[in-house]
Amino acid sequence: MNDSVKHYFSKKKIDMRTFTMVAILVILWVVFSYLTSNGFRTLGTSFLSSRNLSNLMRQMTIVAIMGSSMVLVMVTGGIDLSAGAVVGFIGCTAAGLQVFYNVGTLPTIIISLLLGMLVFVLQGSLIAYAGLAPFIVTLGGQLVFKGLVLAISKGATIAPLEDSLRYFGQAYISKTLTTVIGIAIILFLLMNEIQRRSGQRKHGTLFEPLQAMLIRWGITAVGILVAVYIMNSYRGMPVPVLIMFIISFLLTIVAEKTVFGRSIYAIGGNLDAAKYSGINVSKNLLIVYTIHGMMVAIAGLILAARLNAGTITVTNMNLELDAIAAAVIGGTSMTGGVGKVAGAIFGALVMASIDNGMSMMNMDAFWQYIVKGSILVAAVWFDMQTRKKGNA
C-alpha cells in the first residue's frame with residue numbers, strides 16, 4: 001500500500017460503530033458455531049452450515065424490510081411503534097381475502113399494499129399536518145391494529161394461502177440466477193464508484209486514491225461473493241432475500257440520490273432550518289410514512305406467505321422493536337438526521353443471528369430479549385458518544 005493510500009485511510013474518519021458491529025457479528029458467529037457443534041473441527045456442520053445460513057438470511061428479511069423504511073422515519077426525527085401490529089393486520093387481511101373470499105394472489109397483493117399505504121397515510125397525516133407526536137400516534141395505532149387483528153381472526157389462525165402467494169415467502173430462485181445477480185451487483189457497485197469519481201474529478205473534489213477505492217470495492221465484492229456461495233451451497237437465493245435486496249437498493253437511491261432524500265435528512269438534522277430553506281416539511285413527512293406503509297405491507301405479505309397463514313401471534317412478536325433496533329444498530333440516530341438503509345440490513349442480520357443462534361442452542365427466549373436489548377442500549381450509547389466527540 002503506497003503512502004497516498006495510507007495517508008487517506010489515516011486521515012479519513014473511521015466509522016467506529018460499523019467496525020464494532022462487524023466485530024460483534026463475527027464474534028457472535030464464531031461463538032454460536034462453536035457452541036452448536038463439537039468444537040472447531042466441525043464448525044461448518046451447525047450454525048455455519050449452508051442450510052442454516054440460508055435460513056438465517058430468509059429469517060432476517062422481515063425485520064430488514066421494516067428496518068429499511070424505519071430508517072427514513074427515524075431520519076426525520078420520528079418513530080413507528082405500530083409497524084409490528086400492522087404487519088399482523090396485513091397478514092391476516094391477506095389470508096382472510098384468500099381463505100374466506102377466494103380472492104386471487106395478484107388482487108390480494110394489490111389490496112394489501114394499498115391498505116398498508118392507507119394506514120400510514122392516516123398516521124402520517126396526524127403527524128405531519130395535525131402536529132401530533134409520532135410516538136403517541138403510532139402507539140395508538142399499535143393498539144388499534146392489534147384489536148383489528150383479533151377482530152379479523154377471532155383469535156384463530158387463518159390458513160392456508162394459495163401456492164402463488166406462498167412463493168414469495170418460501171421459494172428459491174435458481175443457483176444460476178443467484179450467481180448472475182451477485183455479479184451484476186458487484187459490477188453495478190464498480191460502475192457507481194467510477195461515476196462518483198468522475199463527478200468528483202469534474203468538480204475538483206477528488207481526493208481518494210484509486211487504490212483506496214479499489215480496496216473498498218474489493219472488500220464489498222468479496223462479501224457479496226461469499227453470500228452467493230453460501231446461498232448456492234444450499235438451494236439458491238430465497239425469494240424474500242431477493243425482494244429485500246431490491247427494496248434496500250431502491251430506498252438507498254431515494255435516500256441518497258434524490259432531492260426528496262436530501263430533504264428528509266435536512267428535516268431530521270434541523271427542522272427550523274429546513275423550513276426556512278423552503279422545504280415542505282409536512283408533505284415530505286407524509287411521503288416518508290406512505291413509503292414506510294408500503295414496506296410494512298410487503299413485510300406482512302412475506303411473513304404470511306412464509307407461515308402460510310395469518311395469525312394473531314405476529315402482533316406479539318415485537319417486530320417494530322426489532323426494526324427500530326436494526327436501524328439503530330446500523331447507525332441510525334434516535335435524534336434524527338443520520339442513518340443509512342444498508343445499516344439497517346446489517347442490523348437486522350445481527351438481530352437474526354442472535355435469534356437463530358440461541359434457538360439452535362435451545363436457550364430460553366428471555367435470553368434473546370436480554371442480549372438484543374443490551375446491544376440496542378450499547379448502540380444508542382455509542383451514538384451519543386460519537387455525537388459528543390463530533391461536537392467537541
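All positions are counted from 1 along the displayed chain.
Just so it is clear, glycine is given a Cβ too, placed from its N, Cα and C backbone atoms.
Bear in mind that TrEMBL entries carry predicted annotations, made automatically and left uncurated.
Feature annotations, courtesy of TrEMBL:
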TRANSMEM  18-36  transmembrane segment
TRANSMEM  81-100  transmembrane segment
TRANSMEM  106-122  transmembrane segment
TRANSMEM  129-152  transmembrane segment
TRANSMEM  172-192  transmembrane segment
TRANSMEM  213-231  transmembrane segment
TRANSMEM  237-255  transmembrane segment
TRANSMEM  285-304  transmembrane segment
TRANSMEM  324-354  transmembrane segment
TRANSMEM  366-382  transmembrane segment
Ranked first among 18-36, 106-122, 129-152, 213-231 for CB pairs under 8 angstroms with the transmembrane segment (285-304)
106-122
Counting only residues 6+ away from its ends, which parts of the chain sit with a Cβ under 8 Å from the transmembrane segment (172-192)?
217, 220-221, 224-225, 227-228, 231-232, 235-239, 242, 245
Kindly say whether the transmembrane segment (81-100) and the transmembrane segment (366-382) touch, using the definition of 3 or more Cβ pairs under 8 Å where each pair is 6 or more positions apart.
no
Take the transmembrane segment (106-122) and find every residue of the same chain, 6 or more past its ends, with a Cβ under 8 Å from one of its Cβ atoms.
82, 86, 89-90, 93-94, 97-98, 141, 145, 165, 286, 289-290, 292-294, 296-298, 300-301
Tertiary contacts of the transmembrane segment (213-231), as residues 6+ beyond its ends and Cβ separation under 8 Å
5, 50, 53-54, 57, 175, 178-179, 181-182, 185-186, 189-190, 193, 197, 237-238, 241
